[in-house]
Amino acid sequence: MASSEGFLTDGQREIMKIASQSAENLSSSPKSPSSLLAEHHHHHHVRVPSGGGGGKAQSGGHAGRHVRRSHSGKFVRVKKDGAGGKGTWGKLLDTDGESRTDRNDPNYDSGEEPYQLVGSTVTDPLDEFKKSVVSIIEEYFSNGDVDLTASDLRELGSSEYYSYFIKRLVSMAMDRHDKEKEMASVLLSALYAAVISPAQIRDGFFMLIESADDLAVDILDAVDILALFLARAVVDDIIPPAFLARARKALPESSKGVQVIQTAEKSYLSAPHHAEVVERRWGGSTHITVEDVKKRISDLLREYVDSGDTYEACRCIRELGVSFFHHEVVKRALVLAMEIHTAEPQMLKLLKEAAEEGLISSSQMVKGFSRLEEVLDDLALDIPSAKAQFQRLAPKAISEGWLDASFLKPSSEDEDILVDDEKVRNYKKEVVTIIHEYFLSDDIPELIRSLEDLGAPEYNPIFLKRLITLAMDRKNREKEMASVLLSALHIEMFSTDDIVNGFVMLLESAEDTALDILDASNELALFLARAVIDDVLAPLNLEEISSRLLPKCSGSETVRMARSLVAARHAGERLLRCWGGGTGWAVEDAKDKIMKLLEEYESGGVVSEACRCIRDLGMPFFNHEVVKKALVMAMEKKNDRMLDLLQVCFSEGLITMNQMTKGFTRIKDALDDLALDIPNAMEKFSFYLEHALNKGWLLPSFDSTVTDV
């Protein structure tokens, strides 16, 4: 394990590297090229054995004060006065060939007795993690059980090393058959966000690309295989396309890593029908053929028609483990709904729930509808009303919020810019680079020059959509920069129409954005409200944007939320500072603070002070916790004064309709448990619910789901 020179083993260097990267993972922001490399040199909270006497290590259960590393790589006990011990340099004036201890010496100190450390080792957490993940991966390759692997990984803990797990999984799969490569890709999709954070996925892939030169020594075609893994990760939406450009900037031009990125971009991601080609390259599914999957989907849907058990059907879809093939579930469910008229409500309920759970992604839903649309003529031979039914079902799905509005092709001239031709694709690539450079440099004049050089003012709305989407996935600094940039662009080169069109495009794809960005709806509402405060949009423009969206889609709700933010008291001051309070402390800390402020209010505190505390939390996306805790406290203490606080928070736009609904939903889901401690919990909740509905706190969609409470 030890290296022959220096004070750290390779494994310990790796710990420092991984841990420094994982410190960044606490933020959801994609990394800048410089930070990808700079992280290798930071030491964040890592306890590693160090060459100096001040370093800390653990040795055989003793505190590590007097443990020092020798040149041979062994750990030895060092005498208290700083003298050598075996294998160290000795103390300053230690000239004796052999130091002896005389117990009769008046200065005798038992601490000077030589230590015998037999088989004492310093446990290296990364080494332990490495050994454990190899066996987890081997086991997964033999049993193919995604859920078991996810739970094994969770049990292992050490989440700061998950990016290393990704590197190990892919590098082991690269040396195996196509079956294992496919299994590795399926596992990564399954673990994405649920177990491994998006930032750790990006770090893991960067480490892989960075080690392409080493992998190429052992694995034939390593560059091509790794490029395919990278392309597959982009197609499966687990790393953003912008990652490729960012990683490339952080690598030496001559490295094989750059070749990997070029191959992924040129050979796989720019080819026609690339998504399908990449998905099927390794067989499309792990142990079974595409035909088998189709049969299983057909069987589970037929069974669902008979049983009506939505939960069981969702479980079966999840168990198939083919998230990239869910478009087939969508297509077959719609065909069944057309064939068996009585099954239509059931099928639509299943698709809606699968979409809301995130089981079927927005892109898979659109793909399913698109595939069905392509075969409508053939289908009409068996089901004469197929076209009419399809034309009724698609708008219904959009209005209920589980099919992206972009599916129905825009008809107005203003939205012709949505046509995704080659020119638009190139423009999108260019502006992503320009926006990333702006986030690094904060240079608005340079960005305006770059946009003028592109010479495509008709695509200004696309720029706005890209800018805000990228900023939403970053920290508050970048969100503030995006808002400031919009003000500058409105003065310099964007018309109000450009900005309105850009926001309409953004809001139409809000469901997609919500899959990747937690709390996308609230963030978008803040961007809209801030644009009004900055005079980039007039309040009337919000009405115009709203009129161009479907009435019940999540985009319409976002505009409503923005209007209430603008109408709240002191809105100007608050919205100008809305990105300024990036706190970054943990959720647990927030929960404690929420509990304290509610207890203080409950025991006679002032409403305005409670509101100030909620505002100072600086976590609007976590206000559902305030709602939940306030309602539980009202039940426990029999103090309905809590409802007054929620009313004030709602009126001031401090707690949005979305957050209210989320808080009430969480209480509703936990009612059975609450009833164990609070006997009249059901009765109390019904009263609070009626109050909330009367006051207009909740989303319309909530009303229908609570009639059975």
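Cβ coordinates are placed from backbone N, Cα and C, and glycine is handled just like the others.
Remember, TrEMBL labels are computer predictions, not curated facts.
Sequence annotations record features per position, and here TrEMBL assigns region 'Disordered' to 1-117.
Summarising the annotation, TrEMBL assigns compositional bias 'Low complexity' to 26-37.
Annotation source TrEMBL lists compositional bias 'Gly residues' at 50-62.
Look at TrEMBL and you will find 63-77 tagged as compositional bias 'Basic residues'.
Per TrEMBL, the feature compositional bias 'Basic and acidic residues' maps to 93-106.
Feature annotation from TrEMBL assigns domain 'MI' to 128-249 (among others).
Annotation comment: TrEMBL describes 292-413 (among others) as domain 'MI'.
The domain 'MI' feature in TrEMBL is assigned to 426-547 (among others).
Secondary structure of the domain 'MI' (589-708), assigned with DSSP and counted as helix (H, G, I), strand (E, B) and coil, comes to 95 helix, 0 strand, 25 coil. Among the features that TrEMBL reports, domain 'MI' is placed at 589-708 (among others).
Among 128-249, 292-413, 426-547, 426-547 has the largest number of CB pairs under 8 A with the domain 'MI' (589-708). Mapped onto DSSP helix, strand and coil, the domain 'MI' (128-249) counts 99 helix, 2 strand, 21 coil.
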